[in-house]
Amino acid sequence: MLIFFNKYLHINLNILSYIPYRAIFSLLTSFFINLYIGPYFIYYFKKLQKYQIIRNNGPKTHYSKKNTPTMGGIFIIFSILFSTILYCNLSNIYIWYVISILIGYGLIGFIDDYKKIKYKNSQGLKLKWKYFFLSIIAFIFICMIKINNKDIISTELIIPFCIKNDFEINYLYVFLSYFVLVGTSNAVNLTDGLDGLAIMPVIFLTCGLTLISLFSDNINISHYLHVHYVKNSTELAILCMAIVGSGLGFLWFNSYPAKVFMGDVGSLALGGSLGAIAILLHQELLLIIMGGIFVFETISVILQIISFKIRKKRIFQMAPVHHHYEVKGILEPLIIVRFWIVSLILLLISLISLKVC
């Protein structure tokens, strides 16, 4: 929006023409918005008794969290949208693709959270309907980018740590994009089980995507680093920084002991947005490395279900795996910080892959 005012109202703020400055302003704006509205949101939702529903078969240590308000993802989404609309060039179609996922998946998460609170159970929206709506939005997103944008119509798959790192997969790319969107959103959702556990890996992952979006817009740098050239992808860096700032602002209140949880409205929206950005940048497989914590959590749930159905035995004492460590007696803050450390290491490994061959 500021770009529009600067151009057509002749304000002549040259600083707005530089991506790094707009990215920094975007981060700071979303961060301070969350710092400002966070306490009001927490107070209001406590007053309305919009508390996190604790499942009966969960860790006993979680019973102390039952009076913690949830749906903090609402102010995460708000601050991201505000900063994005304020600082991004809104004529860039990539921005609207990600915003559509942010809002669409956030709405599904909101309905899920609302049903949990209203009926006071941890089930929320039925699983089949949840995946149905997530899938519908995912396929609409994929169709839109295929129809409207030739720059990302390529169906080449970029494989990290590979000398010949681009492979044509044709129509399989549609299914890959679908699994990236739906899978990432649910992976973040599964990871969001401890105070601050999910948001910091989200921040790390987003920082990685920020760098790639900057590299991808330069044909020489993208060729040198073996990343897909995506024209005008630098605007995504500003959106990414809005996510980082919002995440840091949310972590201010979500760090142990948490004063608010993001709920499904936040986890589905953030996960879906990261998946969408990775698809636009053709970094679907690198996303798996960057978001290895989310992958690990998801695999732990899948293995637990398969093992119990086939062997009638559990691999983990409780899934997702962060609950397994809780049941073993490891303190929650210790689990959280160790997961953060692993997430940071995975980010660094993923960045090394850009020029390893």
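Any Cβ shown, glycine's included, is placed from N, Cα and C.
A quick note: this is a predicted structure, and the numbers were derived from the prediction, not measured.
With a threshold of 8 Å between CB atoms, the same-chain residues lying at least 6 positions outside the transmembrane segment (23-43) that come near it are 69, 72, 74-76, 78-80, 82-84, 86-88, 210, 237-246, 248-250, 252-253, 259-260. The transmembrane segment annotation in Swiss-Prot covers 23-43 (among others).
Here Swiss-Prot flags 70-90 (among others) as transmembrane segment.
The transmembrane segment annotation in Swiss-Prot covers 91-111 (among others), and the record cites sequence analysis as its basis.
Positions annotated as transmembrane segment by Swiss-Prot: 127-147 (among others).
The transmembrane segment feature in Swiss-Prot is assigned to 171-191 (among others).
Per Swiss-Prot, the feature transmembrane segment maps to 196-216 (among others). Within its own chain, the transmembrane segment (196-216) is flanked in space by residues 19, 23, 188, 222, 225, 227-230, 233-234, 236-237, 240-241, 243-244, 247-248, 250-251, 254-256, 258, 262, 267, 270-271, 274, 277-278, 281, 283, 286-287, 290-291, 293-294, 322, 335-336, 339-340, 343-344, 346-347, 350-351, 354, which lie at least six positions past its ends and keep a Cβ under 8 Å from the stretch.
For the transmembrane segment (236-256), the list of distant contacts is 19, 22-24, 26-35, 38-39, 42, 72, 75-76, 79-80, 83-84, 87-88, 94-95, 98, 194-196, 199-200, 202-203, 206-207, 209-210, 213-214, 262, 266, 270, 273-274, 277, 280-281, 332-333, 336: same-chain residues at least six beyond its ends, Cβ to Cβ under 8 Å. Swiss-Prot lists 236-256 (among others) with the feature transmembrane segment.
Here Swiss-Prot flags 260-280 (among others) as transmembrane segment, drawing on sequence analysis.
Long-range neighbours of the transmembrane segment (286-306) within the same chain, counting only residues 6 or more positions beyond its ends whose Cβ lies under 8 Å from a Cβ of the stretch, are 158, 160, 180, 183-184, 186-188, 190-191, 198, 201, 204-205, 208-209, 212, 271, 274-275, 278, 314-316, 319-322, 324, 339, 342-343, 346-347, 349-350, 353. For 286-306 (among others), the entry in Swiss-Prot reads transmembrane segment.
As annotated by Swiss-Prot, transmembrane segment applies to 334-354 (among others), with the evidence given as sequence analysis.
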Task: Chain residues in Cβ proximity to the transmembrane segment (260-280) (below 8 Å; excluding those fewer than six residues from its ends, i.e. six or more beyond) - done: 38, 41-42, 45, 52, 65, 68-74, 76-77, 80, 94, 97-98, 101-110, 112-113, 124, 134, 137, 141, 145, 152, 177, 180-189, 191-192, 198-199, 202, 205-206, 209, 213, 230, 233, 236, 239-240, 243, 247, 250, 253-254, 286-287, 291, 294
- [ ] Can you tell me which of 91-111, 171-191, 334-354 gets the most C-beta pairs within less than 8 Å of the transmembrane segment (127-147)?
- [x] 171-191
